[in-house]
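Just below is one structure, and these are the notes that go with it.
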Amino acid sequence: MAFRKKSTKNPPVLSHEFILQNHADLVACVGMFFVLGLMFEGTAEASIVFITLQHSVTFPAAEERATESKFLYYYGIKDLATVFFYMLVAIIIHATIQEYVLDKINRRMQFPKAKQSKFNESGQFSVFYLVSCIWGTFILISENCLSDPTLLWRAHPHNMMTFQMKFFYISQLAYWFHAFPELYFQRTKKQDIPRQLVYIGLHLFHIAGAYLLYLNHLGLVLLMMHYFVELLSHICDLFYFSDEKYQKEFSLWAIVFILGRLGTLIVSVVTVGFHLAGGQNRNPDAITGNVNVLAAKIAVLSSSCTIQAYITWNLFNVQLQRWMEEDTTLQAPSVKKKRTKGRSSRKGTENGVATSNRVDSPHKRKEKSS
């Protein structure tokens, strides 16, 4: 995510540089085709598939006084079209934040090129994690998951989702899918691409797994815990980029990081244990949400433990690299001082010998004359 400098020269249309500079406008034009399709009767049905949530089921009102029917959703093949449209929206929002916020801060702070890409990455993720944490917490409160934690394993009906729950997962999948073309749009360095692909792929794997297995409430709780730790991490990085003295705050974030990883493991074990231990279904069917089998237990728990171990290992590697960089920066001035001291002492001795020779030479001349 390098810092883009706008050149005064206009590149050729549809060239490599033209696409990089105007990719947000091009994507916005593609999205407008779907929006304009709603205005015509022949294309309205196709456009609705991309813009609105699909696979809804209408339930009558449970109470006599309630007049409005309740809509619940399940997943299907049409969700891919919805994810694609909101992926375009995510690309537009990404470019807007980059151009009107992050680029202006980069110009004002005058970061070196090595810090510009990291600053842009932390800035983008900070906005995304902040919005996701607020949105996800609101969903947990509205669906009483915080007041009644047993809903994590006894949500009814188990193969249905509310509108806000499904829209949250669709938005999450769209954001992480948009990260793939952003590697090209933001001119990511080749050595950073493998790390980014692993990071994006792990998020997509776990979000899609919770969505397809109808572990929506469990996945949302784990995402909120993970996003909060990541949000704190990127905020610390932003402060560190502005002033390196904030590096001392890393110890506080490390404590929160460890607590977040432990909390994630505890919630995963407890929820999966209660959700799948009540009885095992001999005829599993992922379409109806019947995944109460031993294989599902092992898959969910092993996946959760693996991702926590991987993230913790990356933390240790990053911290070790920072410690090594600090050691090299501290040792470099001391080596230079020693070298300057050695050179000055050598010069002093040489000057002393030269002066003594200069002083002794007249006496020697007198002795020789005598």
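Please read every residue number as a count from 1 along the shown chain.
Using N, Cα and C of the backbone, Cβ positions are placed for all residues, glycine too.
These come from TrEMBL:
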type	residues	note
COMPBIAS	335-346	compositional bias 'Basic residues'
DOMAIN	117-326	domain 'TLC'
REGION	330-370	region 'Disordered'
TRANSMEM	83-102	transmembrane segment
TRANSMEM	123-141	transmembrane segment
TRANSMEM	167-185	transmembrane segment
TRANSMEM	197-214	transmembrane segment
TRANSMEM	252-274	transmembrane segment
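Contact check: the transmembrane segment (83-102) against the transmembrane segment (167-185) gives at least three Cβ pairs closer than 8 Å, residues 6 or more apart, which meets the contact criterion.
Panel annotation: around the transmembrane segment (167-185), residues 1, 20, 23, 53, 79, 82-91, 94-95, 128, 132, 135-136, 139, 161, 193, 196-197, 200, 203-204, 207-208, 210-211, 216, 219-220, 223 of the same chain, lying at least six beyond its termini, place a Cβ under 8 Å from a Cβ of the stretch. Sequence-distant contacts of the transmembrane segment (123-141) (same chain, at least 6 residues past either end, Cβ-Cβ under 8 Å): 1, 94, 97-98, 101-102, 105, 164-165, 168, 172, 175, 217, 220-221, 223-224, 227-228, 230-231, 234-235, 238.
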